[in-house]
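Novice: This structure is in structure tokens; I'll ask about it shortly.
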């Protein structure tokens, strides 16, 4: 027999489903609710618990007989329905060979249609009496099946008008209702023609949602909504909304909650509220803090050495000698155009070298090289001595607090004087060790490989003293040495790893760009899969070209790296837009004040050299007190992108004489907000500049009387002051104008109006012939017939 549900058993025993469920729990049965299914043994226990055990035995017996008859007589289910009426009457005296299921269906049809059949009333009476005695779940027993043969026959004979069992008790037989429910439950086993129209079996009950315990701590961020909190504490949003409603807070599941509400809700649930600190993923500088390094994982790393000095003093030649390669031959004109990063192995000890340009235009690149280095080699030519870029390199190294090794180069040349170099450098606090100082001096010849080993020994000695260490196990961080856009590879960046190990495939944020390391190439042009601390590598895979000097950080996943890179690019764009606007002839007065000294930066471009010189000389002759003209650049030719870049960097105005800007320069000028003025006549250009420069002078003001009014009445109001009822006798009085109180021709007070009203309404201006009420700031000693004079200060144009 199939399992029975709790609500069916409760209906049979005239008990509430809840009582049966509770009794089942007491007996240790795993029942969730009234839809739970129980076995026949569990049903027996429940009936015995409610005092009805004998009925269960009869039911079980009937159930067994029913199963046997169903198995033996399955083909007989269809045969009686096809018999002729005469055969059906003969079948009434035949022993009952029909299955219980077939009889149940026929009896069900009789009960459902409710038509009378007087031929079988006596048999129905016997059946009903027997049903009341047995009251089993199927509504019939084996004896009942024997005595109800005539019912079957009568039913088959009268299929057009089916008969109804009469219940002498005054209502429909309860057993027949149970029989109807049981038939519906077992009909899915029925095969044959009528099985198509039978009802589907009841689906199993959906298991109840598993109860999950509340967490001990609610980690929240301010602004979380109800739906987010519901997921964290494993509760329905409706439950949280109801609880908040009981606390007096009306919200929906998508409404953001403040910090206090979230904490009160957590306390009400018995959890400890803990605010989660929001981490700014776009802030990559925090990865470079010393606290982020784990001391236990530190290992010795190679030193980073920067070669600095004046142009053409032999820096690249020295590195060329160290690398045994011809780096100089590949440079334009033999002058280093960008920072080169190389790693050399000296007796099993690697050293990373950075070669910086010595030209005057590369100041920022030298400063960047000094900021990421451990040791600075200052190359000075013995025949040339200390030069401007030499002094600049010294200042960069001192600012970065980096030890300096002085390499006196070109000692092989005639006229070389290393002692003179030492004398000059001692004036800049670089005193040789033999003179009692702490600076190492090495006399070398990079061209002929003289004393190079001594220089390398001193580098390794200082590196050992400095005890340089790094953590190779963490995510890689470092600095961009240089970057470019390659036609075949796309954005290419040369990186110097400072901490951690960089791998191929790592998600990376470089400055305001992001991407994944696709190809990693070392300084020898070979592909590597990883790069440790103090190792320079060239990578591809970025979405844009970063700026030299930008920092890079490796992230856990590409999604986070993309978010950080996009956020950094967005912030950089907003910062650029919010920066102060460029100088134009229209805003010179507001934007070019430098204390007492003011100057206008101008770039002059002309069609011929003579015109450029003439315009420059004429502009410099403009004599306006306190303002001077500075010619940043003067040249011949069209206004190009370089001119716009220079103007943006120097905050200058471009004057074009008989020339036009190129389309690229015009577009860049719009982006950089650089002011370009084009002229064909010299004196008009001079006049325009002179007019703008006059606007830079401190303005002079003169007083202008706007009107006068007479005091006719006084109203003294406590805690407010004296209100004067006035009549305008001349001109007009403005709310923002200055006023003088004149009594008997003598000015007794000068100040500003506190309020000006007409008919209790604040007004900006009262004209001639109108009355008004006025109050003067910090002055209440007004009298009737006092004159109040209004005035404003106007700027005098120069």
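Glycine residues also receive a Cβ, built from the backbone N, Cα and C atoms like all the rest.
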Novice: Out of 334-338, 339-343, 344-348, let me know the one Swiss-Prot marks region 'G2'.
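Specialist: Within the set 334-338, 339-343, 344-348, Swiss-Prot attaches region 'G2' to 334-338.
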Novice: Would you please say which range out of 355-358, 359-362, 363-366, 367-370 has the annotation region 'G3' in Swiss-Prot?
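Specialist: In Swiss-Prot, residues 355-358 carry the label region 'G3'.
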Novice: Of the ranges 301-308, 309-316, 317-324, 325-332, which one does Swiss-Prot flag as region 'G1'?
Specialist: 309-316
